[in-house]
Structures are given as C-alpha cells and as structure tokens.
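Report on the structure given below.
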2 protein chains.
Amino acid sequence: MSPRPMARPGGRSARVQEAVHTAVRDLLREVGRDALTVPLVAARAGVTPSTVYRRWGDLRELLSDVAVEHLRPDADPADLGSLRADLDAWAEQFLDEMASPAGRAYIRDALLGDPDGDNAGRCSAYAAQQIEAILNRAARRGEPAPDTETLIDRVVAPVMYRILFRPGHLDATYVHGLVTHALGGR
Amino acid sequence: MSPRPMARPGGRSARVQEAVHTAVRDLLREVGRDALTVPLVAARAGVTPSTVYRRWGDLRELLSDVAVEHLRPDADPADLGSLRADLDAWAEQFLDEMASPAGRAYIRDALLGDPDGDNAGRCSAYAAQQIEAILNRAARRGEPAPDTETLIDRVVAPVMYRILFRPGHLDATYVHGLVTHALGGR
C-alpha cells in the first residue's frame, strides 16, 4: 500500500495507518507477538521504521493502537424491540468478545502501551457509544431507562473487572443478572 | 540481607524475596522505572541475576510481584460501628490508594507482568478479604448485608474500571453513591 502520487497528507496518513495496522495484524498471526519488531512491521507495511517510531513511539504503543482499533465496534447494537432485549444481547456479545483469548490479549495490549490512558479511554468510549445507541432507541419507544454512566457502572465495569482481576463467574447468566439489576430488578 | 548460617531453605527463600522486593522499591524511587534492570536489582539485593531470573522470569514479572505485595492491605478495615460507615470508609480509602499516581502505576505493573492472571487475582482477593471482614462484623451486629461478590460488582468493579478505562468522575461522593446503591438504596 504505497501512497499514490498527489495524495493529500490526510489521505496518505490514513493509508500509512491502515498499512501498518494490517501489517501488525497479519504478523501477529504469522510470527506471533514475541517475534514482532518495528522493522518487521515497517518492512511488511512498506514504510520506514522511522515512520513507525515517529508516529507510534514504540512497538508497545503501536500494539495498543492496533488493539483499540480492533475493539472498535463495527455496527450498532441489534434492535430487538425492547431495552431489555437490546441490553441482554449487547452485554452477552460484549462479554463474548472481551473474555475471548483474543479479546483479553487486545485489552492487555490496549492498557500496556498506553502511558497516558488515551487508548483505554477510547475502549470505554466505544462501549458508551453502543449503550447510548440502545438508550436512544429506548427513548424513542418511550421506555424508561437508566443513564449511560449507570449502565457503565452496573454492566460494563463488573464484566471488565472480572475479566482482568477475577476470572470465573463469567457467563450469559451472570451478565443477564447484571442487566436485570441495572434495569431496577434486584 | 545475606542468609544466616543454618538458615532453613524456606527462611532463606523468604529473605531473598524480601531483599529483592526492597531493592526494587528503593531503586524505583532512586533511578525510576525506565532505568531499572534485573542486574541492577540483583546487585542491590545481594543476589545473582540468575537468582532473579529463575524466581521471577523477567523484570516485568518481578515488578508485577512487587506491585501486588504493595497492594496487599496491611490492616483490617476500621470498625466504625455500622456496615454503612465501615463500607463508606473502606471504599473511600480503596479509591484514594488505587487512584493515586503510585496506585495506578502498581495496578498497571500488577496486570502487565502477569501473563497467567495470578497476580491480578491476588489483588482482587485482597479487596474481597477486606469486604469479608466488614461483612463478618455486620453479621455479628445482626445487620442485613449483601454478599461479597455483590459488593465486588457494585463498589470495587466500578472504581477499578474507571481508574483504568474511564478517568474523571472519581471522588468520595461517587464511591458513597456506589455504597448507597450496593446497600439497596437507589
């Protein structure tokens, strides 16, 4: 993916990011995390190592950036006709993605190469955006609903805390219980 | 801290751990994390680098072990006469410790040098033990109380999630609100 002639700087910059992210994802599959180096990524992406260092700092920060991109939702949550059904489905999918071996590795990468916390903040913003989409739908249906921060505290936080600090106890029954409670059930 | 003659293996092993942990804590203050190396730690602790590598694997795993030791509570939660008062005081202290710059650095170290999740699990077990001490007291007083896992989900998880992923919003008012809610208030 070498930049086309006359490419706008923004356009080129976007293509460099895409090429480097793709190189990292491919090399993670092909050679694994331990064999990954910036020169290897740069060669695969068709850029110079200094381009990678200038833009990402080091390999850990690049891996963190790639991880957050991977954790970005690619679609709005499904509309299943009610707040309860939408939250149940979203929370179950969130658990499946985050608790999977790949999800856990991406969460660790996102936190590890993130000295200032920006990437972790992006992960949380993605979850908040999905919840807001569900809440906006509920509002259009006239359903009463808690606010986004309440759902972050009562559904997202327990799932992420247990993935990182307290394994076990994590299944669909557990997240449905969190949703029931967040919606005012006991 | 060289082992005394006739020291039992367990005793020597405990002294090596203490010497290495002390060396790490001192060097973190004196030279900072970026300048820390296993040979530097070993020299300060009076052991060989191979002793450190054999026991801790690498510097990140050693830092993780030191971090978890630092996060171990050194006393039972204060007994203030009621479940509500004990939980408020403990949650506020937990927030102060974990959200401080040192606390955040130790949490990151604990998570990041912890491939198998054991150290993160120890951090969570420490919080659970403190909560259990508070709940046992409440039971002796005859106070109704939620169980430990409920308090982990409703108080510990939101605080830790926001420290790691969603900064801001973290103050005494916030944690007292979590406690109110965890105890059945809205």
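Backbone N, Cα and C atoms are what each Cβ position is placed from, and that goes for glycine too.
It should be emphasised that the depicted structure is a prediction, and the values quoted were computed from it without experimental measurement.
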Residues flagged as DNA-binding region in TrEMBL, choosing from B:37-56, B:157-176: B:37-56
Secondary structure content of the DNA-binding region (B:37-56), with strand meaning DSSP E or B: 16 helix, 0 strand, 4 coil
Average pLDDT across the domain 'HTH tetR-type' (B:14-74), rounded to a whole number: 92
